[in-house]
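Chemist: OK, Swiss-Prot features for this one:
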ACT_SITE  Arg183  active site
ACT_SITE  Ser232  active site, proton donor
ACT_SITE  Glu302  active site
DOMAIN    36-217  domain 'FAD-binding PCMH-type'
Amino acid sequence: MKQVNGEKLLASLGDSVKDIRGRLTPDAPMDRVTWFRAGGLAELMFQPHDTDDLIDFLKILPDDVPLTVVGVGSNILVRDGGIPGVVLRLSAKGFGSVELAGENRILAGAICPDKHVAAMAMDNGIGGFHFYYGIPGGIGGAARMNAGANGAETCERVIEVHAVDRKGVKHVLTNDQMGYTYRHSAAADDLIFTHVLFEGYPEDRTKIRAEMDAVRAHRETVQPIREKTGGSTFKNPDGLSAWKLIDEAGCRGLVIGGAQMSSLHCNFMINMEQATGYDLEYLGEQVRREVFEKSGVKLEWEIKRLGGFMPGREVRPFQGVTTE
């Protein structure tokens, strides 16, 4: 992949962006955005002021310019060759709010941290959201991938998802239209989530606080929350735990370059010392190979890998064939 050239792309848009209120940043370092703190450059990063600004930008963006949405930067691994085209990063000012929206209902912006929704629910005696206190990331990503923890999932609370497509057209998707399954939704890939409407149920605030405290205490004990990590690396296979398969394959604490499978929770990959995107992805693929050779189970990535490789630093995905 060629190195990105954001100034050239920005210049090609010309006067069409003069009325855009958001921030356009050519050659934006993605290692400042992602929770892994690794990866190459975004050719052109756009941070819209609000939904209307986002729509205006999408309407003028040429169809042949790639568009990638990164949210708050969790659950993604950016490759060292960078991300071509436009990287959309929603701003906290326009998409980070959380507010009450009727009886037992909460409306949250796509990059509102999950734990802020949990806190809003607790403060107002709304049950069903305590599990969000233990999930890193933002609400848009949670709605997209049906994030869950402690036996609960996002799909249980979603009423509707507000989104904008690549053409700048607004959409409202009901829970049924989201087509939720385990760590997945059927929403079209080109939909950009802007806000999510949730509904809970009346609950005693003291009970909710106790549940949230338990979630936090457990997470601090078993997850590397103070490390540079993107969250769970692999999805749990049906009826199995990814961490257990990784542990049984001898990959707890496995190190490649500056990347490591956490010794605390071995389904968490961490940037322990200036890891590159190559280090992290190579480590993940090596773990997939080791697990398959030990158990016959082919782990699926939960973390999204974005962008292109540096020349000569490509990582071949494990295809499920044992070593000779």
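Any Cβ shown, glycine's included, is placed from N, Cα and C.
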Chemist: Can you tell me the CA-to-CA distance separating Arg183 (active site) and Glu302 (active site), as a whole number of Å?
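Modeler: Cα-Cα distance, Arg183 (active site) to Glu302 (active site): 8 Å.
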Chemist: Rounded to a whole angstrom, what is the C-alpha distance between Glu302 (active site) and the residue listed as 'active site, proton donor'?
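Modeler: Between the alpha carbons of Glu302 (active site) and the residue listed as 'active site, proton donor' there are 7 Å.
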Chemist: Given a separation of at least six residues and a C-beta threshold under 8 Å, show me what packs close to Ser232 (active site, proton donor) in the same chain.
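Modeler: Once residues fewer than 6 apart are set aside, Ser232 (active site, proton donor) is near Ala242, Asn267, Phe268, Glu302, Ile303.
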Chemist: Let's check the environment of Glu302 (active site): how many other CB atoms sit within 10 Å of its CB?
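Modeler: Other Cβ atoms within 10 Å of Glu302 (active site): 18.
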